[in-house]
């Protein structure tokens, strides 16, 4: 077989083992098809001459290069696998880089007709087979003259013989003079001889079919296992055949049936002789593998599905054996797939190692290894069978085969994961072991896994169990064999692989170059077994029943057939360029190469940055123990630098600081450990490929870093762009982020409830003791106990009263409903009276101005948060709506702040209570949708009251014992003879007792009227509280200096008119804008990178800022009442200073206290700037018209109890429909929180709190019913159909009766409380059942 390179074909990458190639062969209907696409990495090992020039760029994802043979004529199509298939470490001269270089098209053509049917058979088909089965290259017209010279070697098959039987295993006869092969199948055990002179092959004897056909009727004893009705004997479905060594070279062992090993004599070929010598029986399940000992030739080892290794001595008397083995070893693992003795080849020219010392290998006559279904590789010594010498987790899936290195302590394993891994299983006790006898690894995988690999001086590798190299084939490996040849350097060894599947080929790899096989031997059907006859001749059997043989000295290498012309961009962004030199390298390494690598490695290690240097003399694992991280391990000279992570690491989930994101030559994880371009070019002893970095321009790098830093800041921000693109995502985002409730639990009564419960428990214990010891209630001790318990209960009740959230202003004792119910017993009348009294007290508390202000502050905070959420998705209309609501609430807070703290609700309302009850039911747990904490506005108001009031608001006279009013204006409006006033649309009456400065008020009224006549346009400034208060101070100072002051103007009934204070000065920051300067304001929202305080705990991300929001500069703009006038037109009358904060809180005052309003003087009445109730009702109606469900429901839930927006029936129906809508979008936690914290309990009706959960048996699948009378002994955890319980808790070993359960990664289940106790309280990290894998 030969490949014809095309000028458009990619070149094979240089270096020993640098190219990763995954090849596949398929054939159908007897046709050999071939199409190839080779993919190779862009960088190669040190002893290769291929040069690679890389422009600096980011690391590409790992690729898996594949090529296949699928058609007779080559096609131009190809495909690439970008998944990372090589998870193991690289060998020393394998590719230093995991990345694959995508190659171009390779048009290839094969000639000749593949063998078909019975065209070739017997001993006369070898010549014809040779001419037909071999491929003759056809040179295409596009081939260059230089490429035609590579056709010196043609792929030829030397032996090709059809057996006409189903065969599945092959082995050689270990007698060089016989030149024989043994092939076995279900009904065939044949002895074949071949000749290297004429390439002929002949079946000498069939030990199964021949003896069965020639056996006379009276001589059935020759084959005792054959009955008279049997047409032919069968060996086994899992067939394996082996031949003995030396004096037992004539012994053949096969699996006669699934649990027996049959021994045949090769020399007994006549019908009169029984070829079967002995049957070894002892396994309880099928035998998968067996092997002859090369040193102690009388020993046979076998392993099977029962997980036992048995050693047989064929010298033992079979009559005395009685089905017992001479040695039985229980491996305590799963079934054994393959077992092999350590070989002891007697190489005639076996030299010493490179340093003149003999090789240090284990005792071959006592050592064996086994591979198991779990992927575990075990090494044993017969002299100590109770202890495993080595235990290695070789594969992620089942291990299928293994093979020992011919003369060194290495084992190659193949598994279902498609990997062929090389493991060192010897003991490196000598610190001066030469690296030349084995290898010196210098690949990038060694920095990740095993630079402590083969031949590292003084390296304690016995406990690391890291593969020295890994070959990825992409298909499960069923057979592998080392070439029986001595190689001074272990990486120069060849290994033949046979894969499971449709790959009709045998791949021969050099360990020095693991990505591209050295030879590719194609067959007509998938290969089932292979064997090396010597170091050059290899045989295999395929599923078509053919025996094929090749001489690898006459076979071309795959590397010679690869095209060499390719230029590619380094990555998707196009920041690097790759091309190849035409020198492809070789498959071998030399001693000089290792000397160069060792020298360069030491030089690079000593020149690395301090703290990042790894000590080569003690190995990588020792360096890791000394504290070197994965990123700071010094690289080998030809190794690709570890890729620099992005600004936000997906592994650590911690943003990387900008100091580690500087330019490429400054990063500790980039090219700092590589030599510069001049240094590389000066080192002429280094072989290609050379890594030459080209630094990016500083401007580009700076721009790139800026983007990374910006991305780092926004790493926790949700992807708003994806949210905006879908209406469903917008709905889910708003449902999670918006605040639907501001209420929180009254957690302060938990302590009282806990103390009460403890006291009740103690009382129950004492009562039980009294009954148990028959102590009378009249006894002294009993009376003491009862008296003590009563005192304890009273003390608990008093504590609960003090900590109850329901507190009256007069500090009267009101007990909580729970304690009232306990004390009332069966007296329901008394309990109902207590509840009624509690409701009345709640009403009284609701009319407290301080309580109202705190309530409004919570609503302001929720409104501000909702506005910020809408600004995230650039929803400007809804953002403005919530800003409008917030400003309206702030106006209400301003109105209530003018009330005196010692004014009772009766004084404020005239004895009538119309304020609706806010929430009389007991609160539940804290909501996941809102912060529900203390308002920042409230705390800011308490800490900095001067920000909201003038200096004159605080009275300096503390000796009078009267609390100073919050507002000076309120004090001026109070009369001395009146102790009540009514808050309505007009301030109708003033008490003279409350206002000692009546003359000043009269003068103020006169001055105000004069100012109003001169400049009525200044009335627009009356909305700012600070201006009003400062104007009052100026007026007071002016009035104090006026000696002609005579008192205020009054009407005939001595009623003082309201006085709006106006000023001509320029506008100042209003009261509303003052509130907008806190962190919850839109301006503060735009000035912070993300919302830490406004984010919902259940969402997990902070909301990003909106730079395009409408309120970006709103807080910094002076407040003009004209701006507010656009939102709420109004007029201001000369007799109206204030109003009720809302219509729901509007109180009908006493008619006897009303005073007729003054006559209007031409100016229309100016309405107040805000009317919250009307505003909210209009917003709700508009939301219903526009179909804005979230806004409509949000307004109802937040403000219904305060402002009475809609009838209660409509509110409940709206909430129910919204909850069902949340269920449709699987927002169950949001719906549950809304139902939990809304003020109405009966939203879903009587069945709203009920759920039906059907539990089925996990074994039989039947529905488990809990019938009456069976709930105590059985319950929902016992199945009546199969009479078995469900899964038991792995901790307490009791049935899982609750719905709250947990399952571990290993599959064990248990109660959540049990797992909490096991993992959290006790601090365990493993499964309670004893699983070996760590779970935490």
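Residue positions begin at 1 at the first shown residue.
Cβ atoms here come from the backbone N, Cα and C positions, even for glycine.
Range with Swiss-Prot annotation region 'Disordered', chosen from 825-870, 871-916, 1009-1054, is 1009-1054. Checking Swiss-Prot for region 'Disordered' across the ranges 1096-1115, 1176-1195, 1196-1215, 1216-1235 points to 1096-1115. Through the fold, the repeat 'WD 2' (282-322) approaches residues 236, 238, 240, 242-248, 251, 253, 255, 258-261, 263, 328-341, 343-345, 364-365, 368, 370, 372, 380, 382 of its own chain, all at least 6 residues removed from its boundaries and within a Cβ separation under 8 Å.
Across the repeat 'WD 6' (522-560), DSSP assigns 5 helix, 19 strand, 15 coil. Across the range of the repeat 'WD 7' (864-905), the DSSP-based residue counts are 31 helix, 0 strand, 11 coil. Each residue in the zinc finger (1289-1331) gets a DSSP state, and the totals come to 10 helix, 8 strand, 25 coil.
Residue counts of the repeat 'WD 5' (472-519) by helix, strand and coil are 3 helix, 21 strand, 24 coil (DSSP-based).
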